[in-house]
Amino acid sequence: MIPPTRWLPMPILSVLLLVVWLLLQHSVALGQWLLGGVLAIAIPLVCRPFWERQPTIKRPWRLFLYVLRVLGDIVTANLQVSKLILDPRGRMRPAFVEYPLTLKENFPITILASTITMTPGTVSAHLRLDGRTLLIHALDVSDINELIDEIHQRYERPLMEIFES
Amino acid sequence: MIDIALWIALALFTAAIVLNFYRAVIGPSLPDRILAVDTMYMNSIALIVLFGFWLDTKNYFEAALLIAMLGFISTIAICKYLLRGDIIE
Amino acid sequence: MLESLLEGVIAFMLIAGGAFAFIGSLGLTHLKDFYMRLHGPSKTTTLGVGCTLIGSMIYFSLHDGPVVQEFLITIFVFITAPVSAHMLAKSALHHKLKPDASTRGNPEELESEKPKHTVEESPQGNSPLP
């Protein structure tokens with residue numbers, strides 16, 4: 001990890017901006033490198049006041065595994081939702097579930113909420129930061145406690161290991 | 001083979017947009033209509049990409065990227081307006 | 001050989017994408033309440049559009065060199081779809097849309113709150129206008 005300095009407050013964001021610029025321009029000419037480099041330094045400096053403190057990624061390898069797992073779950077989720085929508089009898093058991101959060105920082109909570117929305121049968125609806133709960137709407141759930149337990153084991157614990165350890 | 005698949009995909013996306021339009025017209029509440037228009041712009045991204053595919057040109061990527069960005073920003077802005085009655089706080 | 005295999009993959013991606021997007025819109029049309037309708041577009045349409053974009057990316061990479069812009073659009077769509085679904089759910093809760101009768105759980109956001117001031121005891125006195 002590159003430590004943040006005065007001219008590079010967010011190194012990861014800068015690298016990301018440069019890569020996205022080169023991919024968008026679809027060329028690796030010297031001029032594009034220079035222009036992308038200037039933008040990658042200028043944009044973080046300009047929008048620095050809007051950003052919160054960035055979390056540190058403790059275990060990048062685990063993050064990669066997490067992304068792979070979520071991609072697999074997205075496909076499963078889609079097949080499941082398609083089956084529910086196409087089911088002619090249309091028997092669903094929708095429920096509002098209150099999920100108690102154990103994560104502390106904002107960025108991991110954001111990732112968790114997005115993951116919950118993209119994965120089987122659930123959409124995160126409302127985040128209450130005062131009570132530290134996440135309100136989830138589930139499309140078809142038989143046991144609410146089982147769902148909470150599954151989300152905790154499958155998604156929240158890896159995120160805690162990645163960001164907070 | 002790709003030609004037939006392209007026609008089927010175009011037909012499916014067009015049908016999806018018609019269904020979205022139906023929901024946007026009848027939608028009983030305001031969030032329903034926003035959701036329908038949101039889905040409509042997602043489908044139109046795919047339609048534009050398929051159109052570029054059909055014409056065998058890469059010039060439609062920028063259009064798709066612009067639709068994706070503007071659609072997302074406008075959905076968020078309308079939701080903010082519904083939530084607070086104000087967009088920029 | 002490899003060419004025809006890749007063509008099969010592209011055709012599969014296009015049809016799967018179209019089918020997923022159509023199913024998502026079908027869910028948007030015929031499910032019962034708003035919170036259930038939210039599930040279709042937020043998951044299924046996203047994957048449908050993603051599949052189509054990946055298929056088109058493979059096609060153009062096959063013909064004239066690697067193409068990556070469509071991958072950027074795919075990542076963008078996958079990052080932004082949960083955010084807009086979350087915002088839509090929040091605004092629906094704010095408008096207190098009634099969920100379907102079979103929904104379990106009763107979140108406090110949906111309970112109807114009594115108006116805090118009546119006209120008689122409002123700070124402005126009897127006039128409803130400020």
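Each Cβ is built from the backbone N, Cα and C atoms, and glycine gets one as well.
According to TrEMBL, the feature transmembrane segment maps to A:7-24 (among others).
Summarising the annotation, TrEMBL assigns transmembrane segment to A:30-51 (among others).
A Cβ distance under 8 Å defines the sequence-distant neighbours of the transmembrane segment (A:7-24), meaning residues of its chain 6+ beyond its ends; these are 1, 32-33, 35-37, 39-41, 43-45, 48, 51, 54.
Nonlocal intrachain contacts for the transmembrane segment (A:30-51), taken as residues 6+ away from its ends with a CB within less than 8 angstroms of a stretch CB, comprise 7-10, 13-15, 17-18, 21-22.
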